């Protein structure tokens, strides 16, 4: 190797050495930058946690203005233009979504899951009523109609498609108090594998504007997400009376709830496996738009007056687990037309059992039932039932 080649190799070695020193220096700078960025990341995460720390204000996302600002509604009824936390996923910000607002600046700092502020819940399998169809005395026609309208479409929907007809979308149970409407629905909940959602009409009437319609949307959304499902709305007349020219804000809000209910019943398709059952004591006060075919296709009446056969079945069902004296003649009470409703007959036998307990007897005597009958059945009872006709 000549001297020229040695000089070239030496120069190349020196250049690589300088380059290595430069890389070592850059590595040190990068490590320092990484440490600084990690400290900034930790500070930013702590700041986000501080901003998202409870208590927060619950609001409703209304509309996005741009990527950084949006319009939200608060529980007080006011609307605000607020900033959106940069770490939030904009794809999850849908209209009517529940959001959390920072309590001082009202900045949108979190997106709540749909169920977070919903007061609607489904009955778990272990929470289902232990009432079966056998526990409902009489009402053979009503049982058959409910099964055809609710159970059969959920369990054997192919039969309806084979024939070429749509199954009933909703069912209305109407009749005086104590005639077995709610008890029959409990039997439906117990006998089907479908998810069961129960609400009372008055629960939709909330303090703040817009809360009632939002709850209606939550009920139907939950039912669609957990299909097959049954929605039972008891005392539907609380929100579905005939519309009129409302003069107060409360009346207008109730009418908005009804409109949302009508919209939701029109909105879900027949294949969603969602059935709606409504119950009321005053079917004559309901809005005609709710009663039209396509919403409540089946209307099942629960009569206040029961014939002897129906009363016999009710007495037999109620007394099946009771210890009656051999002298008890139930036909004596079955022949009397006064005790008409199942709840009234159940109250008579319950009171008779309490009389036997009071006298420290292990069996119920005829005299106990007679005394309980005299207490429970008043001459004005039949006149009270006339109010619901």
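Keep in mind that glycine also has a Cβ here, set from the backbone N, Cα and C atoms.
Listed in Swiss-Prot for this protein:
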BINDING   175, 176, 177, 178, 179, 180, 181, 182  ATP binding site
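Summarising the environment of residue 179 (ATP binding site), the number of other Cβ atoms within 10 Å of its Cβ, over all protein chains shown, is 28. With a 10 A radius on its CB, residue 180 (ATP binding site) counts 24 other CB atoms from all the protein chains.
Note on residue 177 (ATP binding site): other Cβ atoms within 10 Å of its Cβ, all shown chains, come to 15.
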